[in-house]
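For reference, the structure I am asking about is given below.
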Ligand code: 16G
Ligand code: MG
């Protein structure tokens, strides 16, 4: 490293001292902590993104958000050139620089890393980083820290894309690196145009589809998603969407008893919804709009809901795609795969397998599911919590385009031709960079309209097995290691055997534990044939965790 570069780094790093006595770690999807201790981390991640941009000669994204966490938290997510999450190879470096005790140590670590990775810095190299942030009040000053980090690498520039949802920023990074338009209006245009395109391919003579053209009510978690949905909805004339908890002044606090995470975990309606909404199709976004769940309020139930979670969104998508594939193409082998995690309700996995689909499992965290889904021609992934998307391989898209041309000349307007066009429209409607609540919502709505289904009909695809999630505070969550997509505890030894004995006691019993990647806890999941059994199973497994690790 040249002297000039070194002294710029030493000088700027001294303005962002790390918090004392706190270890910061790169979790499932980046860094997250109380916003008051994050400025040194954001500054340092700014440096990291500049190095990554130099190495890949591409634009990198840095998003300031703590997703569904409380408003006083904040965090950082990083978008790699493809628009996906930062490559896992760089996570240890992210961890180590976040915890460097002083500017000298920081420079030492950077120096070692750029040598190992052959990253040329300090010369004429250029780097560009897109910055985004959600609506958290701490976002503005943290953004400044990110800019300082980026500009401390010679030749790197930061482009502030403003207040965005996480998937919008990922989409912009991907688009820029593919050489297409990147403005927010082009994001809205792409998704609203492809929605219209799919709507135009709905057989209108089928009158049943008019049945569900009723209002959709969306809980925006008082965050950035609500605000953006207000804009998107102006462009989608076929839908009537009412946005609540849209983040406007005075409407409520970000993620406080609202949002997809709350709805999915608590299984009750968010604030701002009442008995008057019973039976109506509702959806909920999380704080940075990369998760989506649907629900409806059960009449006379004290705001209890029937949850239509990520597994059911996945099932709706998988069924539709499978149908369109079988109409559009009889002979060409297409690799269609579904990716879930251990949190997927067992009933959803059975349903998908009964459809004849290949279902595979990965550990929790989008980076794992996304990577697996990318191995297929069409890979559909969803976590039960509502994060997911559908990936179409470039190879498949070229094949599909050829097929559409062929059909246009031999059987224009045939069902076969239309089914192929629908698949192409879906590939443009669903965000290819990362799970996106807004784009996912448009696809759900289009498929429901196509099928003429109410949310209740959709929910009947299969019946969820009752489940329960608990968390256990332990001295060191890293004492637990797991294997087989988190379904088996490897360490501490003996714990898995104890869990096995517990779930064997219950019909359809299944339980697993894993260390959280975002909180200092061990998570427990249990499902069984009745709610009481699932509750009891979770409780006894939690007791074992406490006994082994407490
Ligand atoms: C993050 C992950 C999500 C995962 C969750 C698990 C991304 C973009 N988000 O929110 O996929 O389900 O963490 O949290 O990867 P946990 O490790 O605390 O259970
Ligand atoms: Mg989120």
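Glycine is no exception: its Cβ is also placed from the backbone N, Cα and C atoms.
The shown structure was predicted, so the numbers you read here are calculated from the model rather than taken from an experiment.
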Among 67, 72, 82, find me the residue TrEMBL lists at the same Mg(2+) site as 286, 288, 290.
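Candidate listed by TrEMBL for the same site: 67.
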Taking just the CA atoms, what is the gap between residue 67 (active site, phosphoserine intermediate) and residue 385 (substrate binding site) in Å?
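Each residue's Cα considered, residue 67 (active site, phosphoserine intermediate) and residue 385 (substrate binding site) end up 13 Å apart.
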How far is it from residue 517 (substrate binding site) to residue 286 (Mg(2+) binding site), counting Cα to Cα, in Å?
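Cα-Cα distance, residue 517 (substrate binding site) to residue 286 (Mg(2+) binding site): 18 Å.
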Roughly how many Å lie between the Cα atoms of residue 290 (Mg(2+) binding site) and residue 385 (substrate binding site), rounded to a whole value?
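Checking the Cα atoms of residue 290 (Mg(2+) binding site) and residue 385 (substrate binding site) gives a distance of 10 Å.
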For the Mg(2+) site given as 67, 286, 288, 290, which other residues of the same chain have their Cβ within 8 Å of the site's Cβ centre?
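Surrounding the site, in chain order, are 65, 68, 134, 165, 166, 223, 225, 260, 285, 287, 289, 291, 387, 437.
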Can you give me the same-chain residues 6 or more apart in sequence from residue 385 (substrate binding site) with a CB-CB distance under 8 Å?
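In sequence order, the residues whose Cβ lies under 8 Å from that of residue 385 (substrate binding site) (at least 6 apart) are 260, 261, 264, 291, 293, 309, 310, 343.
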What binding-site residues among 286, 288, 515, 517 have a C-beta sitting less than 6 Å from any atom of ligand 1?
517
Run through the domain 'Alpha-D-phosphohexomutase alpha/beta/alpha' (58-90) and tell me, per DSSP, how many residues are helix, strand and coil.
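Summed by class, the stretch gives 3 helix, 13 strand, 17 coil.
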